[in-house]
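Notes follow once the structure below has been shown.
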């Protein structure tokens with residue numbers, strides 16, 4: 001049987017017919033906004049913004065900001081941004097006094113590829129007329145600065161090549177430093193902030209087999225130590241990002257009065273990356289599908305938009 005080609009709307013149809021229509025008249029047509037923006041990839045969303053700007057002399061993001069409110073607004077705005085711009089925006093928020101977050105800076109530095117991180121830094125330069133590194137250095141102190149500045153400065157090798165001799169020797173270095181509680185030692189920071197993800201995985205496998213414990217277990221020596229929590233998250237984010245993001249989602253949803261900022265951030269930044277794996281990890285860990293947990297925890301257009309985004313990973 002012949003497959004009838006599915007009509008994919010052009011950016012100008014999306015921008016000029018649909019989105020403009022959604023803004024006109026009494027009230028906003030939120031469903032139309034969800035139907036378009038939640039179902040277009042990053043390149044298509046960029047084209048829609050460009051066409052919209054040329055057609056109406058207005059930035060689509062500014063129009064969305066005027067028309068939408070609260071968590072739904074934030075989710076739509078974040079998702080509509082180009083991924084590098086979005087990360088630059090999140091990183092900039094994370095260096096501000098009232099929205100500061102070492103965790104978000106770590107997340108962007110560790111879960112993006114080297115090229116993605118480089119693009120974030122370029123977008124940051126262009127938008128804020130400063131470097132991400134200088135803002136991170138300025139807004140952090142002590143051991144956090146010592147760890148985060150090298151992480152955001154990194155440009156790791158992305159290939160699969162692994163040096164097993166090096167993995168063995170660096171596993172020993174890590175074990176020695178951790179045993180002595182020298183968690184901020186420059187050798188520990190050098191290894192986690194410069195080695196490729198494949199090399200780190202090899203090193204941590206060696207650590208596990210040679211010393212009988214996973215490294216994150218040994219880093220739990222003092223469970224209330226905030227720096228150690230961050231260091232464990234660095235390792236998780238670099239080696240098993242889907243487990244890291246599953247935990248962020250679980251904590252965001254199970255919080256008394258859920259943490260919508262975390263929920264929005266993870267769904268908008270991972271929808272086009274590894275959402276399928278995150279959903280699998282969530283189901284395994286919590287015995288309920290992520291869709292169900294989100295639906296129980298959110299409502300209205302915000303809920304519809306998030307559910308559309310996490311379903312988008314199945315396409």
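Note: Cβ is positioned from N, Cα and C throughout, glycine not excepted.
Taken verbatim from TrEMBL:
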BINDING   23, 25, 27, 67  Ca(2+) 1 binding site
BINDING   253, 255, 257, 297  Ca(2+) 2 binding site
BINDING   295, 298, 303  Ca(2+) 3 binding site
- Note on the structure: residue 25 (Ca(2+) 1 binding site) and residue 303 (Ca(2+) 3 binding site), compared by Cα position, are separated in whole Å by 24
- For residue 67 (Ca(2+) 1 binding site), which of the binding-site residues 255, 298, 303 has the nearest Cα in space? 303
- Task: Could you check the binding-site residues 253, 295 and say which one's CB has the most other CB atoms within 10 Å?
- Result: 253
- Message: Using only C-alpha positions, which one of 23, 27, 295, 298 is spatially nearest residue 257 (Ca(2+) 2 binding site)? These are the binding-site residues in the record.
- Response: 298
- Compare the Cα of residue 303 (Ca(2+) 3 binding site) against each of the binding-site residues 23, 27, 253, 255, 297 and report the nearest. 297
- Task: If we count other C-beta atoms within 10 Å, could you say which of the binding-site residues 25, 27, 257 has the fewest?
- Result: 257
- In terms of Cα spacing, which of the binding-site residues 23, 27, 253, 255 are within 10 angstroms of residue 298 (Ca(2+) 3 binding site)? 253
- Distance between residue 297 (Ca(2+) 2 binding site) and residue 23 (Ca(2+) 1 binding site) at the Cα atoms, whole Å? 28
- Near residue 23 (Ca(2+) 1 binding site), how many other Cβ atoms are within 10 Å of its Cβ? 18
- Message: My understanding is the cutoff is Cβ-Cβ under 8 Å with a sequence separation of 6 or more in the same chain; which residues meet that for residue 255 (Ca(2+) 2 binding site)?
- Response: none
- Measuring Cα to Cα, tell me the gap between residue 27 (Ca(2+) 1 binding site) and residue 295 (Ca(2+) 3 binding site) in whole angstrom. 25
- Message: Just to be sure I understand the packing, how many Cβ atoms besides its own are within 10 Å of the Cβ of residue 297 (Ca(2+) 2 binding site)?
- Response: 17
- Inside 8 A of the center formed by the CB atoms of 253, 255, 257, 297, which other residues of the chain have their CB, for the recorded Ca(2+) 2 site? 252, 254, 256, 258, 259, 260, 263
